[in-house]
Amino acid sequence: MVPVIALVGRPNVGKSTLFNRLTRTRDAIVGDLSGLTRDRQYGEAKWQGRTYILIDTGGISGDEHGMDEKMAEQSLLAIEEADVVLFLVDAKAGFTAADQMIGEHLRKRNKTSYVIANKVDNIDPDMARAEFAPLGMGDAIPIAGAHGRGITQMLEIALSEFPKDDADEPEEGEEEIVAEGEEAKRIPGPSEKDGIKIAIIGRPNVGKSTLVNRMLGEDRVIVYDQPGTTRDSIYIPFERNDEKYTLIDTAGVRKRGKIHEEVEKFSVVKTLQAIKDANVVIFVMDAREGVVDHDLNLLGFALEAGRALVIALNKWDGMQPSERDYVKTELQRRLFFVDFADIHFISALHGTGVGNLYQSVQNSFKSAVTRWPTSRLTQILEDAVGEHAPPMVNNRRIKLRYAHLGGANPPLIVIHGNQVEKVPKSYVRYLENTYRRVLKLVGTPIRIEFKGGENPYEGNKNTLTDRQVNKKRRLMSHHKKADKKRRDKR
């Protein structure tokens, strides 16, 4: 399971600055889910082969009534979700009563916590450690979050208990948290035991629980239910038509066969982890509410992760034709960025259209993991360039030479050529659409990566042999004599 780190502390101690620095290699997945997470911000970061989820919380002022109320509700939830808590204090402001109360609460929670003394610019680190020793939480780790100093030591300590990602290596530039770009995550195909992993995600009360129970209907073959911790999703292996699947349910534990929908506790951490572990994501929306901003934020999670996607509009039954037409228009207008995904109009309660989801899951997964030979991908590239050549840059044509497969789920196509760093975004979209059309990809995003061709002889002088030098001398002498004769005739 991906470790979760929460940043807590008083207002203006530098939590957001540290959050932005740590997530710079992969920008914050979502800024604020208003109404769902309020003051919590979630991002994904990576450090020396370890991927982790980072939570930035609102400040805790310490002037509320009673300790449980003094801790802001969202910060409390973040602490409960986290594996590790980084308790930020302001080294310039010094030790405060609010720091004392927050520290006491963390000690009571028996949560792995570290005191981070931020803003130690021009402050003796030993003095900062001594200043916050009364917290009784061990030596404070001094950092300067705005400048990146001390972050290496902080992350080494915070992540020391967690294993590295499978087959991952540290990324270049991580030591100073300044590397840019991102590495698309690759996941293996379905195991013989688990089958295709399907994550059911969506806002609270859109029908996720009902859909899960409908998909695990009378013809199900449940192998086992494996509940996790309070923040873990439920993994439910089952079979349908001799095909194996594993449902990743973020809605929580429920009684077998319970169909009615209850108010669900929404957890961004559950959603992020479910998406990360899934092969295919079924995104559930409430057709009667249409497309809302929270839907777009959650779809951004799946798109960022590159997972195969199927969209299910639930509660379609009972809607008037005019209402249905309006919803379809809204889908085309607001979900254009996921136009590759199949959309199903269903009623999880009555089962209408639910069975059709499986075919889309199969098709999406097949598109996401199919492998094509280099010759096939290169031919598609050549045809695309022949039909619509790349633009000129500084009077030189961008040259795209060949393509090969770089990864799966999502498909990553690596294109080699010259001046590839100058390929405009519009042409990248043209290539994406071409590959999607020719390869008949459905339900999966596609990513294109460019690699420039290096000239192995660049900077090298051509060294002539003795024979070439003599030949060059004779030719020069011949040209000089010919020029002299022409001048004499004039």
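Every residue gets a Cβ built from N, Cα and C, even glycine.
According to Swiss-Prot:
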- 3-166: domain 'EngA-type G 1' (DOMAIN)
- 9-16, 56-60, 118-121: GTP 1 binding site (BINDING)
- 164-191: region 'Disordered' (REGION)
- 182-191: compositional bias 'Basic and acidic residues' (COMPBIAS)
- 196-369: domain 'EngA-type G 2' (DOMAIN)
- 370-454: domain 'KH-like' (DOMAIN)
- 452-490: region 'Disordered' (REGION)
- DSSP helix/strand/coil residue counts for the domain 'KH-like' (370-454): 32 helix, 26 strand, 27 coil
- Message: Tell me which of the binding-site residues ASN12, THR57 sits in the most Cβ-dense spot, judged by other Cβ atoms within 10 Å.
- Response: THR57
- Message: List every residue in the same chain as GLY9 (GTP 1 binding site), at least 6 positions away in sequence, whose Cβ is under 8 Å from its Cβ.
- Response: LYS15, GLY59, ILE60, PHE87, LEU88, VAL89, ASP99, ILE102
- Mean predicted confidence [pLDDT] for the domain 'EngA-type G 2' (196-369): 80
- Query: If you run the three-state DSSP split on ASN12 (GTP 1 binding site), which class comes out?
  - Reply: coil
- Query: Hey, what's the Cβ neighbour count for ILE60 (GTP 1 binding site) at 10 Å?
  - Reply: 23
